[in-house]
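Student: Could you have a look at this structure, given as structure tokens, before my questions?
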Amino acid sequence: MQALTQKLTDKHHTFEKLFIFFILAQPFLDLLSYFGIPVSNPVRLLVIPIGILYMLGYPDRRWSRNTVIYMAVLAVYFAINFGVSLVWKDPVSTVGELTFILKTFFFITALLVYVMIFRHLGGNHEWKEIVPKYLFINTSVVSVVMLLAEITGTGKRSYDYLAKQGHSGWFFSGNEISAILGMGFCGAMIYYLFIKKGRLAQIICTLLVAVMIWAMLTIGTKVAFGAALLVLGLAFLLLLVQAIIKRNNFIQAGVMLVLLAVTVLISPEMPIGNNLGLSVDMANEKAAQQQEEAQAPPLPEGEGEVPPPGSVRQWSSWQLMALNGREEFFGTVLYYFEHAPVIQKVFGMGIGGNYTGEEPRIIEMDILDWFFGFGYIGTFILILPVVFVIGSILVFIFRQRFKTLDATALFSGIGACIGLGAAFIAGHILSSPASGFYLALFLGFLYGLLKQKPGKFFQ
């Protein structure tokens with residue numbers, strides 16, 4: 001065992017290069033999946049065994065031991081969760097349960113691996129430019145693909161609801177691509193604004209940034225739209241401050257102002273403008289409809305359509321807007337949890353709860369899906385590394401009195417916050433390898449940045 005560990009330690013640089021290069025593969029894996037070449041999930045799931053090998057050979061033995069023990073505990077827990085589902089659920093989808101478990105396992109593994117990689121790279125400054133560059137490339141690829149889909153009229157609709165507009169190009173999930181664009185745009189801005197390039201390269205990058213913004217408005221989701229406004233607004237303010245203090249970068253600040261102004265002006269005419277107004281109207285209409293139904297006399301027994309158990313609940317307008325069409329699924333899964341045996345409350349009900357239909361349906365709000373799927377104990381085990389990483393990041397910031405919080409770290413932090421926020425309100429992050437990868441990457445990158453010695457805010 002010691003000889004194997006030594007061999008893995010000797011190979012840890014190879015593993016690190018492999019994981020850094022793996023960043024570039026992400027949009028192409030998603031494209032292959034859309035065109036019916038099912039390699040994305042198998043390739044991404046290789047992160048789990050390769051990541052464990054990297055942990056075994058990690059030079060810091062304390063980190064190596066603790067992460068391997070945690071992964072072993074998590075694997076045992078997943079086995080218990082799967083066994084409970086097989087015994088207590090009827091019907092049960094074996095493939096569905098295993099897929100849900102493995103996708104969640106992927107995110108946790110990727111998070112620990114990238115934290116360990118950027119922690120180990122330390123003073124090697126090359127990675128601080130490579131990661132934003134790769135994120136710029138990935139976001140450009142996704143945006144250009146969406147543009148090609150728009151031109152050819154072959155984009156996949158973001159919503160099944162016909163009144164809502166927007167498409168996700170040649171990618172399956174609108175919510176996933178929205179989160180990817182939102183997070184990726186933060187990394188793209190780091191490369192665009194703070195890494196030196198030639199004049200021609202800067203012009204090309206400006207055009208690509210414009211395409212990214214167009215894509216974020218075209219997809220029609222709130223996550224991408226909010227990210228575009230937040231990142232552009234912050235970029236303009238930072239460049240304006242830099243221009244005033246250093247007496248340079250006035251042109252770049254002007255470009256940001258133009259991009260921000262154009263984004264605000266064209267938003268009402270884009271799919272996101274239509275969908276935002278529609279969401280407010282639908283929430284108000286549903287709230288009013290619920291009030292009318294509550295006041296109306298009940299139908300005679302046996303008449304009318306029978307809704308799913310627990311789905312008929314009273315929601316306020318703001319709750320309906322937050323749930324964004326998920327209120328029926330949330331109400332139903334909450335009903336399953338309330339009536340589940342104690343063992344399922346402790347160890348989880350698996351994907352979709354104790355459903356009675358043909359296929360399980362998730363709420364698509366990741367924290368809730370984790371809680372109902374993995375129970376009290378599972379949720380605690382799963383959030384441990386997330387809380388540890390976020391807590392460590394905050395400790396680094398306050399210990400150094402914000403001196404390590406440079407522009408790169410600031411945008412990386414926003415990218416991580418967008419991913420975490422999307423996990424709470426939109427889903428398709430923590431148990432979705434395509435977008436969960438980016439959240440793991442941003443948290444790991446931010447951890448590595450803030451652990452370094454303080455430097456200048458504008459590098």
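For all residues, glycine too, the Cβ spot is worked out from N, Cα and C.
Remember, it's a predicted structure, so these values are computed and weren't measured experimentally.
So TrEMBL says this about it:
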type     : residues : note
TRANSMEM : 18-37    : transmembrane segment
TRANSMEM : 43-59    : transmembrane segment
TRANSMEM : 68-88    : transmembrane segment
TRANSMEM : 100-118  : transmembrane segment
TRANSMEM : 130-149  : transmembrane segment
TRANSMEM : 169-193  : transmembrane segment
TRANSMEM : 200-217  : transmembrane segment
TRANSMEM : 223-243  : transmembrane segment
TRANSMEM : 250-268  : transmembrane segment
TRANSMEM : 370-397  : transmembrane segment
TRANSMEM : 409-429  : transmembrane segment
TRANSMEM : 435-450  : transmembrane segment
Student: Is it true that the transmembrane segment (370-397) and the transmembrane segment (18-37) have 3 or more CB pairs under 8 Å, sequence gap of 6 or more?
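Tutor: No, the transmembrane segment (370-397) and the transmembrane segment (18-37) are not in contact.
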Student: Can you find at least 3 Cβ pairs under 8 Å between the transmembrane segment (130-149) and the transmembrane segment (200-217), where each pair is 6 or more residues apart in sequence?
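Tutor: Output yes: the transmembrane segment (130-149) sits against the transmembrane segment (200-217).
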Student: How about the transmembrane segment (200-217) and the transmembrane segment (435-450): do they have 3 or more C-beta pairs under 8 A, pairs 6 or more apart in sequence?
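Tutor: These two stretches do not touch.
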Student: Hey, which of 100-118, 169-193, 223-243, 250-268 has the most Cβ-Cβ pairs under 8 Å against the transmembrane segment (435-450)?
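Tutor: The listed stretch sharing the most Cβ pairs with the transmembrane segment (435-450) is 100-118.
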